Amino acid sequence: MTKQRQKRKLDHIEYALRLGKPETSSGFEEIRLINDSLPGFSLGDVDTTCVFMGKRLAAPLLINAITGGHPAVANINKSLARVARQTGVAMAVGSQMAGLEDPGLRQTYEVARQENPDGVLLANLSAGAPPEQAAAAVEMISANGLQLYLNVPQELAMREGDRDFNGVIDNIREVTSRLSVPVVVKEVGFGLSRETISALYNAGVRYVDVGGQGGTNFIEIEDMRSGQKSSEGVRNWGIPTAVSLLEGLSLELPILIIASGGLETGVDVAKALALGTGMAGMAKIFLKELTDKSEEGLINKITGIINELRLVMLMSGAKNLAQLVKKPVLVTGSVAEWMIRRGIDIDKYARR
Ligand SMILES: Cc1cc2nc3c(=O)[nH]c(=O)nc-3n(C[C@H](O)[C@H](O)[C@H](O)COP(=O)(O)O)c2cc1C
């Protein structure tokens, strides 16, 4: 089991990097911000900082869960953590089950905390993991929060994957109530629906990461691993990221919604923040930048995204994130069509 899990870590990195352009869109092209020709302040006045999990970040950005659990990936977590420290963004490690099963692998996760002692670091486990394991994962890296991932389509596409999803929401409730740090429930690229987010809120969860469709596709990755090919309908299963965000935001609950799944640019990040999300996460494009280039390359990528966010904030007339979320946003095309059918009001974004 442990050996298989370890090999899977390497497969996921190898195949994620081999994925072509996603077949489906995250929907951000249907979200439009409006030009403000008279912002009345200078670029130097724009403030992208925020507080997340009690700590100040340079911008609301998260290097999302990628890896850990094989000796060959320790260097990736080391580099990601160094970059997170230097750029002032948050980071999550990949699933820590391998480290819980084999203490010899703990270092592949611990290195992230060693490299970034004061930063925001999130632990990561399946949402089915019991409270004792959840607490141990947090302790392993002195995490500021714990991500619990939901990934039914991936498990089903995985030959060795789970087939029984009984009791997951009860487990999430239990973990959330017993843990000393906040729990973030995340998808891995299939999107959270309004109904799921509502159920998570009722279970005590206050942070959700929509992990929507339009970026890394784990059905394709599992197909590459198994040599089988899922049908097009199954391969394209999921809720586009922009749709999932609007579904979650429409509940108007006191929760922090994290945008992720196919985000690529500072413009995407600005659009997500303007709608009302509190953070933006990216996984594959950061991994690719690091492996194609270097730590320096990834630092440039992240500072480039923050700089673009800054430009878009100025062009929208928003000096800070609190002002950005009051700016008008247009939702058009297929994303708007989805909202109409689901009875979700999008005019309130366009007319504010
Ligand atoms: C190589 C790789 C490994 C991943 N491993 C995990 C994991 O262990 N736990 C998890 O919650 N998500 C994992 N993810 C999912 C990401 O955190 C993220 O939700 C997903 O890739 C969508 O974001 P993206 O389109 O920016 O890549 C992984 C992603 C990649 C690319």
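From the backbone N, Cα and C atoms, a Cβ is placed for every residue, glycine too.
Listed by TrEMBL as binding FMN are ALA65, ILE66, THR67, SER95, LYS186, THR216, ALA283, LYS284; the candidate from ASN35, ASN124, ASN151, ASN320 that the record includes in that site is ASN124. In three-state terms derived from DSSP, ASN124 (FMN binding site) belongs to an extended strand segment. Closest to GLU155 (Mg(2+) binding site) in space, going by CA atoms and restricting to the binding-site residues THR67, THR216, LYS284, is THR216. Per-residue pLDDT, averaged across the domain 'FMN-dependent dehydrogenase' (169-326), gives 98. In this structure, ASN124 are the binding-site residues from LYS9, ASN124, GLN154 whose C-beta falls under 6 Å of some atom of ligand 1. For the binding-site residues shown (THR67, ASN124, GLN154, THR216), fewest C-beta neighbours within 10 angstroms: GLN154.
Non-local contacts of ARG8 (substrate binding site) by the CB criterion (under 8 A, 6+ apart in sequence, same chain) comprise ARG225.
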